[in-house]
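Novice: So TrEMBL says this about it:
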| type | residues | note |
| --- | --- | --- |
| REGION | 66-98 | region 'Disordered' |
| DOMAIN | 109-505 | domain 'Amino acid transporter transmembrane' |
| TRANSMEM | 141-165 | transmembrane segment |
| TRANSMEM | 205-224 | transmembrane segment |
| TRANSMEM | 260-280 | transmembrane segment |
| TRANSMEM | 300-320 | transmembrane segment |
| TRANSMEM | 332-354 | transmembrane segment |
| TRANSMEM | 374-399 | transmembrane segment |
| TRANSMEM | 427-444 | transmembrane segment |
| TRANSMEM | 450-472 | transmembrane segment |
| TRANSMEM | 484-503 | transmembrane segment |
Amino acid sequence: MATLLRSKISNVATSVSHKSQAKMSGMFARMGFQAATDEEAVGFAHCDDLDMEHRQGLQMDILKSEGSEEGGEPPLEGDIHYQRDGTGPLPPSASKEACSELSGQGKPKITAWEAGWNVTNAIQGMFVLGLPYAILHGGYLGLFLIIFAAVVCCYTGKILIACLYEENEDGEIVRVRDSYVDIANACCAPRFPTLGGRIVNVAQIIELVMTCILYVVVSGNLMYNSFPNLPVSQKSWSIIATAVLLPCAFLKNLKAVSKFSLLCTLAHFVINILVIAYCLSRARDWAWDKVKFYIDVKKFPISIGIIVFSYTSQIFLPSLEGNMQNPKEFHCMMNWTHIAACILKGLFALVAYLTWADETKEVITDNLPSTIRAVVNIFLVAKALLSYPLPFFAAVEVLERSLFQDGNRAFFPNCYGGDGRLKSWGLTLRCALVVFTLLMAIYVPHFALLMGLTGSLTGAGLCFLLPSLFHLKLLWRKLLWHHVFFDVAIFVIGGICSVSGFIHSLEGLIEAFRTNAED
């Protein structure tokens, strides 16, 4: 009885400490798929998944406690942890009640067009500016890789969603998982029921933090090239940008920032159109002879990471599909969004490279004439600064939940007090994370190298390797031979590209770090 009482008290305390996060996650679910969408929308979708996992875990604790009170046989300790993590299906006796409670939250659904808008924002974001640089080192093979990456990412997105479903006793296909973490945990169960989720969380944290670093790098780069006559270095511009971003550590919600982010996303599409229009005005001078069937062996693997990173969206697809009014339209939505992305990215990269050829820079707007470069770059800097809080806050949420709020398995004390307020040392750690992104941006101020490293490490893993591996592990008995062939081929090719791109990007970063250290 004492154990049961302590369990209930613990559940109530956990519910109170997560109250603010749950409200915020509910807000993300209500408006995040319409306003808070960008290439970093992965963080918001994952916050919604964390809220779902918490509520499901809390429901399971209550059900387990009630079963113990009725004299039922207590479950094994490992089974309790498995259910609390949201990595397994609910017990048959409680599944209907728990599902009805979870589905009765009144969460609004989105249409296929709204879902497509989210995916489009994720794969047509600011990092498209680095694609012409990939063509510089890959030629026509770089264009082919843009098409190939679109096809593969579209396919892996579909098979990832297929891993959310299983066939029940009546032969019906039902959704038994809610997130990428659930799929990963299911593949590692029963021996290591939380290992897969931790791997996915680590990959996501790396990608989110690297995204923050890229925003600081691109802000310093754009401002330095916009005002080259000012006695301010790129590092100094990065410090100024970080000073503007430091209040992100105090954020409790992102409602206002999300609205600005939507406006900046629309402005970014306008900027892309302006860049293409300028390139078309110089169509007579296009250097078609510069586009060849060759690759720069040392730098092309970095281009692979750049292209892959520009397509990353898999991490938030499970939550997106679960919030669609008609999930059957998911496949069609994935098709037209990736076809559109492939066409727009290919055209943007090609016409930009044809315009500047061998003079193409890492961030293509730096090639624009000084008369319009400053205006365009200022808009892009505003877009970057207003987008920074989204991946930053998502990374903080995952870190806090994994290290400070995971019940008895947390590595450190809870960073929130009993009243739900962030403790002073927790705020210090948030500020330290902002400063860390600045230090990385100062010592490695290379947009293409960082983007290539991130795409090769986490982008290829989350988009190529893990979806194909999970698909084979969970559904291999029902797969046709050509699905098995595609999964194995994607895993092998993705692994080779990932390792090659990671090694070359890491070598470039180490060399750049040494050069900056000497200076």
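Along the chain as shown, the residues are counted starting at 1.
Including glycine, each Cβ sits where the backbone N, Cα and C put it.
TrEMBL: automatically predicted annotations, no manual curation.
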Novice: Could you tell me what the rest of the chain brings near the transmembrane segment (332-354), counting residues at least six beyond its ends with Cβ under 8 Å?
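Specialist: Counting only partners 6 or more residues beyond its ends, the transmembrane segment (332-354) has Cβ contacts under 8 Å with 112, 115-116, 119-120, 123-124, 128, 131-132, 134-136, 142-143, 146-147, 150-151, 153-154, 157-158, 272, 275-276, 279-280, 286-288, 290-291, 310-311, 360, 364, 367.
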Novice: I need to check the long-range neighbours of the transmembrane segment (300-320): which residues 6 or more away from its ends have a CB within less than 8 Å of a CB in the stretch?
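Specialist: Cβ under 8 Å, 6 or more out: 33, 39, 41-42, 44-46, 48-49, 110, 115, 118-119, 122-123, 125, 127-128, 130-131, 133-135, 137-138, 141-142, 145-146, 149-150, 153, 156-157, 160-161, 164, 177-180, 182-183, 200, 204, 207, 338, 341, 345, 448-449, 451-460, 462-464, 467, 497, 500-505, 508.
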Novice: To the transmembrane segment (484-503), which of 141-165, 205-224, 374-399, 427-444, 450-472 is linked by the most Cβ pairs under 8 Å?
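Specialist: Highest pair count goes to 450-472.
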Novice: Six or more residues beyond either end and a Cβ under 8 Å away: which residues meet both conditions relative to the transmembrane segment (450-472)?
Specialist: 127, 130, 152-153, 156-157, 159-160, 162-163, 180, 183-184, 187, 200, 203-204, 206-207, 210-211, 213-214, 217, 301-315, 440, 444, 479, 483-484, 486-488, 490-491, 493-495, 497-502, 504-506, 508-509
Novice: Counting only residues 6 or more past its boundaries, what in the same chain has a CB within less than 8 Å of a CB in the transmembrane segment (427-444)?
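Specialist: For the transmembrane segment (427-444), the far contacts come to 209, 212-213, 216-217, 220, 235, 238-239, 242, 245-246, 248-250, 392, 395-396, 415, 450, 509, 512-513, 516-517.
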